[in-house]
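**Q** Shown below is the structure under consideration.
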Amino acid sequence: MPQLRKFFLSKPETDGSEAPDESWRISRAGKLFRLLTAFAGGALYAAALPPFNLEPLVFASVFLLYLVAAESHWRFAALAGWVWGLGWSLFAYQFLREIDPAVPYLLAPVISVWPAVWAGLIPFLKRNTLYPLAAELGGFEEREKFLQSSAAFGRWLCFAVGSAALFTLLEWTRSRLFNWNDLAVTQYRNLALIQLAAFTGSYGINFLIALAGGALYAACRTGFRGPGLRVLLAAVLTLTLAMLGGLIRLDREKPVKPNWFPAVIQGDISQRRNANTNQAQEALEIYLQLSRDALAGKPKPEILLWPESAVPVPYRSTHSVSFLFRIGLQNLILQSGVPMLIGAIDFEDKLPGSATPPGMTNSALFFNHRGRLRHKYDKIHRVPYGEYIPFRRCLPGFIVRMIDMNRDLVPGADYNPIEVRSDVRAGTAICYEGVFGYLTREFARRGANVLVVLSNDAWYPKSSEPEQHLANATLRAVETGLPMVRCGNNGGSLVVTPYGRITQVLTVDGPEQRPELRRGRGVKTLAVGVEPSPSYTFYVRHGEWFIAVLAAVEAVFWLAAFAGFKKRKQALLDAIRRPGAGS
């Protein structure tokens, strides 16, 4: 503890109200040490995510961020938060190097802005909410004495709650742009804790993790005694109650008897966005043959699922393989009488003579047992820089040419589920969409009783992206209380229960130890229990109510901080104006 105080906090040896010797802490070596600590803290966050899944490390990660940020000037704190973000994102997003080696290193500095903003605000919040005016004016020794007193418990608790709320709100804003690998994802295998998502969404889990980090900082700052220790115990109790509630929910789980039998077709086709005719035809033949294999198996499936962009040409176009695509699909359905739900590139439906040509869409197409296209869902939440370029018209031409992937897909707008059977309504998400809670919630609100995710992780044949994708998507099943069927191109074809259990994995030969990580070509008919009219979870009924509560808490917290700042400023001005103050 003395060494920790020397490196981060204030040295204990002081005389009266004299400030401690901070020469080492503000030296270049001291600053570098703290920045390296922040970077290591971010790396611990990455280690808590797939593929390492060292879940408890996320608490240590957030604690180290608090430790560096709260004991620094706001400028250095912001820098430390940014460095912490680099330690997290450089490792957590290494899978993006499979698109281009430079992508993780271009993305990391941008993603790191969010923790930098949080860390830069923490010193102001700490100084203006943690210390009463009398302690602030009494000097260093009075401030330290107050922090150890029982009267400081309420202020420590408010600081931990307010700073955790701020962290969670910033994560919520980040999710609007790039919703991947937030704090809650580290706990996707902790079934007891993630049940909280059915009530608060995943942000309730984020908040508890951030709260635990702040409480651990409070305990450390007070030497693990007095008010700081009580705040830590309160946070541990809150986490324990959340997990006990999750265990009770799991204990009350009533499995639904399997009544829907979809077959997932996993073709294991390499990334072929710009496929030539031979490559496109090969992909089509592979998926048609695998579909025949599934139809010949036992039990016979009642619907065939193909992943996102299974065949790398548009379903409706003049391309020669597109013609074979339509004919092959029709023949397969008419011969078997089994409907299909497939991921495919398609075009907007427009009337002849429209002023603009139809835009390209990333779609899910449902064909009934007669081979008729009965429903078309167009991907709503597109991948930025992968499926469209944000602010294309505002960017310089050389940047557009560097990042352009030769297409700007048109977004869909229809959240209505696909009725694949009279009593089965599939809220269908395409790949990246499956990680967005607002989207799956809207599917549920509009009557979906099962979630279907058609995915294609062929961009990432060797990295941890498929497991991270699965981890992010698992929380959506818990939030909505609906089973999730995932159909992937090269892995991750499985069922996630409404309680977050990963089951019925399509396993193929592979070197990985865990079956959900195995990749390859295969088919499997899944047995899914689908309730005709499932009960809405609290999250589905009320949406992001928890974010609204946190926003209100944060508003009060900031009002208190500004009030404290104003009082402190006025007291200092009064002291300066007092006669004899300068003598």
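First residue shown is number 1, and so on along the chain.
Cβ atoms here come from the backbone N, Cα and C positions, even for glycine.
Feature table excerpt (TrEMBL):
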| type | residues | note |
| --- | --- | --- |
| TRANSMEM | 32-48 | transmembrane segment |
| TRANSMEM | 76-96 | transmembrane segment |
| TRANSMEM | 102-125 | transmembrane segment |
| TRANSMEM | 153-172 | transmembrane segment |
| TRANSMEM | 192-219 | transmembrane segment |
| TRANSMEM | 231-250 | transmembrane segment |
| TRANSMEM | 545-565 | transmembrane segment |
**Q** For the transmembrane segment (76-96), give me same-chain residues lying six or more residues beyond its boundaries with a C-beta closer than 8 angstroms to one of its C-beta atoms, as numbers and ranges.
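**A** Long-range Cβ neighbours of the transmembrane segment (76-96): 31, 34-35, 38-47, 49, 61, 64-65, 68-70, 103-105, 107-109, 111-120, 122-123, 180-181, 460, 463-465, 468.
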**Q** Counting only residues 6 or more past its boundaries, what in the same chain has a CB within less than 8 Å of a CB in the transmembrane segment (192-219)?
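**A** Distant contacts of the transmembrane segment (192-219): 58-59, 61-63, 65-67, 70, 156, 159-161, 163-165, 167-168, 171-172, 182-186, 227-229, 231-232, 234-236, 238-239, 242-247, 249-250, 437, 474-475, 478-479, 481, 499-500, 537-539, 543-547, 550.
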**Q** Six or more residues beyond either end and a Cβ under 8 Å away: which residues meet both conditions relative to the transmembrane segment (545-565)?
**A** 124-125, 127-129, 131, 133, 158, 161-162, 165-166, 168-169, 172, 199-201, 203-204, 207
**Q** For the transmembrane segment (102-125), what are the same-chain contacts with Cβ under 8 Å, counting residues 6+ beyond its ends?
**A** 42, 65-66, 68-70, 72-75, 77-86, 88-90, 93-94, 96, 159, 162-163, 166-167, 170-171, 173-174, 178, 557-558, 561, 565
